[in-house]
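Everything on this sheet refers to the single structure shown next.
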């Protein structure tokens, strides 16, 4: 006799499963983070590897060439950024001096505004300094741990990417066999859609990054900022973090500009970066990236926050593509279609371009009848 689960039982099982998955992702992040990045790079490099295979090159050599080309591109970007940072390093003492002057001015203002005595202010500053010094060891330990993880990721990600490219047909076959012959076409269709979406999404991000960097550079040159290239590139990279990156980039740009320029230039940096961000959000992002990934703002913000809590900065970068992959999966499974609808945006619903979405509403209306 077949027994059906009640709604509360299904809800309990779902919540328990979600909690277990979250705990696994959090405590095994050192394992999953390089795998996630490698999976994204694999989806991006499959087309490159296929081109070399069509030229008669073996699958292993084609995968190796594709990974090496990707490494060269990443090394070029790191070299460009590091060269700009090296040129900025000579002004680090000036930055510290300007910050010291700013703190001194703040002390004088606090004394005049709130009538705080020098003795009380000195005790307050000394207590903050003592707390900062006490946490220095923890900060250093955390920094060393983070750097070691980054080095491990830099080694593992290319290896995983190469192996994913080499055994991609076995991996696809595994997913097909896992769901049986009945759902084979659906599984292949989902994997194909995910591959195309990730490829178009990453290429769109690269185009967006380049345009944002150029616009920021032109605006900062007009303002007269000394490190226009560095700030433009940093702002473009941080802009990849939805909603939160622009504020970090603006604060960083204002801090660097404050050490070498007038207050009007600092205000100009903020205006330029916010203006470029508005152009990006309203014109570039919807056209270049938004047409590939239709995730609403609420789901995006929640995804970035959850990604940050689970995996830190890597989780913030991975949040949007993972949400997009989940949406494709949800839209392709009948019982999960409401979750795909929850992640989607209004424009997709209004345009009615998704056949799965039409089927969902049709089935819902038929059930009511």
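Glycine is no exception: its Cβ is also placed from the backbone N, Cα and C atoms.
A TrEMBL annotation is a machine prediction, not a hand-curated record.
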Field: TrEMBL annotation (transmembrane segment) - matching range among 31-49, 88-106
entry: 31-49
- request: Using TrEMBL as the reference, determine which range in 150-167, 168-185, 330-347 is annotated transmembrane segment.
  value: 150-167
Message: Would you say the transmembrane segment (31-49) and the transmembrane segment (297-326) are in contact under the rule of three or more C-beta pairs closer than 8 Å, pairs 6 or more apart in sequence?
response: yes
Message: At a C-beta cut-off of under 8 Å, are there same-chain residues at least 6 beyond the transmembrane segment (201-223) that contact it? List them, or none.
response: 40, 44, 229, 231-233, 235-237, 239-240, 253, 265, 268-269, 272-273, 275-276, 279-280, 284-285, 288-289, 292-293, 321, 324
Message: What residues elsewhere in the chain lie close to the transmembrane segment (31-49), defined as a C-beta under 8 angstroms and at least 6 residues from its ends?
response: 25, 59, 62-63, 65-67, 69-70, 152-153, 156-158, 160-161, 164-165, 168, 194-195, 198-199, 202-203, 311, 314-315, 318, 321-322
Non-local residues, at least 6 beyond the ends, that sit with Cβ under 8 Å of the transmembrane segment (7-25): 32, 310-311
